[in-house]
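Worksheet for the structure shown next.
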Amino acid sequence: MTIQGSDRKGTLLLLVMSNLLFCQNVHPLPICHSGNCQMTLQELFDRVIMLSHYVYMMSADMFIEFEKRYAQDHEFIAKAINDCPTSSLATPEDKEEAQQVPPEVLLNLILSLVHSWNGPLFQLVTEVDGIHEASDAIISRAKEIGEQNKRLLEGIEKILGQAYPEAKGNEVYSVWSQFPSLQGIDEESRDLALYNKIRCLRRDSHKVDNYLKLLRCRIVHNNNC
C-alpha cells in the first residue's frame, strides 16, 4: 500500500471514529473527579492522552467537514494557507527532534500550545456560529473542542505539577495578531481565514497528542515502549 493510500485510509478511520464518539455523546472521563486528584502519574498521562486524542479527532473531523463545504478548489487552498500564529513557538518538527528536548521543557511547550488556543477557540465558536450556511456538525464540534481544550489544559498542568513542580510557570504564549476578528469582511476572506484557523487547530492538536504520547513513554515507561 502506498503512503498516500495509507494516509487516506487513516483519515477516513479518524472521521468514522470521531463521528461515532460524538454522535453517541461519548466524552473522555474527567481528569479529576470533583477536583480530587489522587492519581498516579501514569493514570494522569493515560487520561490526558485520551482527551488529547479526542480533541485531535474532533479537530480533524471539523477540518474535513469545512474543507468539503468551502474549499473544493486548489486555488482557494493555496490562498488560504498561511503560517499559524503558534509557529512562533519553537516546537520540535519530528519525533527524533522531540526526543532531544528535556521532558520538562517539552511539557511546558505543550502547555503553551494548548493555552494559546483558549481565546482563539472562543472566537472560533462565535465566528462559525455566525455563518448562516455552516453545518450543525461544524458548529457542534467547534463548541465541543473549546470545552475539551480547557480540560486538556487542566490535565497538562497537573502532570507538570506532579512530575516537574519546579518547572511550572516557564511556558511562553504566542500572540494571535494574525487572526483578527472576522466581522465586517467579505465572505471569501472570512472563509479563507476560517479555513486557515481550523487547519492550524488540527496541526497543533496533532502535535500535542503526539508529544504527550512520547512523554508518557519517556517519563512513565523509561523509554521502554
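Residue 1 is the first one shown; counting continues down the chain.
Using the three backbone atoms N, Cα and C, a Cβ is placed for every residue, glycine included.
Straight from Swiss-Prot, the features:
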- Cys32-Cys37: disulfide bond (DISULFID)
- Cys84-Cys200: disulfide bond (DISULFID)
- Cys217-Cys225: disulfide bond (DISULFID)
- Ser52: phosphoserine (MOD_RES)
- Ser116: phosphoserine (MOD_RES)
- 1-28: signal peptide (SIGNAL)
Inset, instruction - Could you say whether, by DSSP, Ser52 (phosphoserine) belongs to a helix, a strand or a coil region? - result: helix
Legend entry - Distance, Ser116 (phosphoserine) to Cys200 (disulfide bond) (CA atoms, angstrom): 12
Legend entry - Other CB atoms within 10 A, centred on Cys200 (disulfide bond): 23
Inset, instruction - Determine, from DSSP, whether Cys84 (disulfide bond) sits in helix, strand or coil. - result: coil
Legend entry - Least surrounded among the modified residues, given as Ser52, Ser116, when other CB atoms within 10 Å are counted: Ser116
Inset, instruction - Would you identify the secondary structure of Cys225 (disulfide bond) according to DSSP, in three states? - result: coil
Legend entry - Which of Cys84, Cys217, Cys225, all disulfide-bonded residues, has a Cβ with the fewest other Cβ atoms inside 10 Å: Cys225
Inset, instruction - May I ask for the distance between Ser116 (phosphoserine) and Ser52 (phosphoserine), taken between their Cα atoms and rounded to an integer number of Å? - result: 15
Inset, instruction - Write down the Cα-Cα distance for Ser52 (phosphoserine) and Cys217 (disulfide bond), rounded and given in Å. - result: 16
Legend entry - Between Cys225 (disulfide bond) and Ser52 (phosphoserine): CA-CA distance (Å): 19
Inset, instruction - Taking only the Cα atoms, work out how far Cys225 (disulfide bond) lies from Cys84 (disulfide bond), in Å, as a whole number. - result: 32
Inset, instruction - For Cys200 (disulfide bond), name the DSSP secondary structure in the helix/strand/coil scheme. - result: helix
